[in-house]
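Here is the structure we will look at.
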Amino acid sequence: MSFIYQPLKPNIQKYSKPTMLCSTPCSLILLGTIFLALTFIYQSNAQLSSTFYSNTCPNVSSIVSNVIQQALQSDTRITASLTRLHFHDCFVNGCDASLLLDEGGNITQSEKNATPNNNSARGFGVVDNIKIAVENSCPGVVSCADILALAAEASVSLGGGPSWNVLLGRRDGLIANQSGANSSIPGPTESLANITAKFSAVGLNTTDLVALSGAHSFGRAQCRFFNQRLFNFNGKGNPDPTLNSTYLSTLQQKCPQNGNETILNNLDPSSIDTFDNNYYSNLLTNQGLLQTDQQLFSTNASSTISIVNNFANNQTAFFQAFAQSMINMGNINPLMGNQGEIRSDCKKVNGS
């Protein structure tokens, strides 16, 4: 939404010897006050818009998609990885691309080195390539935060999932929050209650939680993120009882005790790199890879169970809910107006 300030037209009348404390200076002060008030009202009501770059960078969506398609030729995991970056960014300080900042200058602790991201989050090089391509076409216009949002939508769409109108107009943050990343990003071994609380803390509800978990329809997870389920769940010396026995045996072979914890496993073994609703069908047969996946269906009396059943039986319902939940997540505390900046390099704050 653009704001065009138009000066008020004075109602000119003739007065004989008007009594006034001041003339021109007061008028200027009054007009200035009105302008500041209108500007404040505009900024406080400003919203993201799908047409934000219509005039300044109309081809930004296709530029982002083209770079991702090129990356897909050599990295089939990249779509899932880019979707995850947007998620991990928005849960810390809002959707401000703070996740992308490297250590250096005033950034003493990068979110990239936080526990949920270290040796796990990936795709940063592709984000840099997108930024370079966008800057070549529209220099100094598109934020890195918006690039993450656009990349997530393009990735899901390229994987066979839904498309949606990405709301744009975010600006890039000036700080990173490693401690926030450690405390705010949901972890793969947390209880459903804890995960629900973390979603609620950023304004997302139970439907958002179940729908956004469906991003695990594609991508991989290292053994270290779920091996506690395979042999010694909750320290009781036995596997997680909610794991399908056949699936358990397969996972134990891939991730043996004291084995290589970085071995990759498909989050959805039934349709590896395709974005669909098979993720939810897997939960119905106790074949969710992560604890946080399976507990959506296996937690007694949880309100998530009916949502899982609905998405498992109705892919259209899942796609619609996922698209809306991605929009909801993209609205978490965006910087707008004069807040933050438009980084020229997503890895660092301008001038650092």
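Each residue, glycine too, has its Cβ placed from N, Cα and C.
Copied from TrEMBL, the annotated features are:
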TRANSMEM  21-42  transmembrane segment
DISULFID  Cys57-Cys138  disulfide bond
ACT_SITE  His88  active site, proton acceptor
BINDING   Asp89, Val92, Gly94, Asp96, Ser98, Glu111  Ca(2+) 1 binding site
DISULFID  Cys90-Cys95  disulfide bond
DISULFID  Cys144-Cys346  disulfide bond
BINDING   His216  heme b binding site
DISULFID  Cys223-Cys255  disulfide bond
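Everything TrEMBL records as a feature, shown here on the structure.
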| residue | record | Cβ within 10 Å |
| --- | --- | --- |
| Cys90 | disulfide bond | 31 |
| Val92 | Ca(2+) 1 binding site | 28 |
| Gly94 | Ca(2+) 1 binding site | 19 |
| Asp96 | Ca(2+) 1 binding site | 29 |
| Ser98 | Ca(2+) 1 binding site | 27 |
| Glu111 | Ca(2+) 1 binding site | 29 |
| Cys138 | disulfide bond | 16 |
| His216 | heme b binding site | 23 |
| Cys223 | disulfide bond | 18 |
| Cys346 | disulfide bond | 22 |
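With respect to their backbone Cα atoms, Cys144 (disulfide bond) and Asp96 (Ca(2+) 1 binding site) stand 8 Å from each other. Ranking the recorded positions Cys57, His88, Cys95 by how many other Cβ atoms lie within 10 angstroms of each Cβ puts Cys57 at the bottom. Nearest to Cys95 (disulfide bond) in space, judged by Cα atoms and limited to the recorded positions Cys57, Glu111, Cys138, His216, Cys223, is Glu111.
Just so you know, the Cβ of Cys144 (disulfide bond) picks up 30 other Cβ atoms within 10 Å once every protein chain is counted. Of all the recorded positions in the record (Cys57, His88, Cys138, His216), the one with the smallest CA separation from Ser98 (Ca(2+) 1 binding site) is His88. Shown are the recorded positions Asp89, Cys255; of these, the residue with the fewest other Cβ atoms within 10 Å is Cys255. On a Cα basis, Asp96 (Ca(2+) 1 binding site) lies 7 Å away from Cys90 (disulfide bond). Looking only at the recorded positions Asp96, Glu111, His216, Cys223, the one with its C-alpha closest to Cys346 (disulfide bond) is Asp96.
For the Ca(2+) 1 site, the Cβ centre of Asp89, Val92, Gly94, Asp96, Ser98, Glu111 serves as reference, and the other residues of the chain with Cβ at most 8 Å from it are Cys90, Phe91, Asn93, Cys95, Ala97, Leu99, Gly173, Ala176, Asn177, Gly180, Ala181. Separating the Cα atoms of the residue listed as 'heme b binding site' and His88 (active site, proton acceptor) is a whole-number distance of 14 Å.
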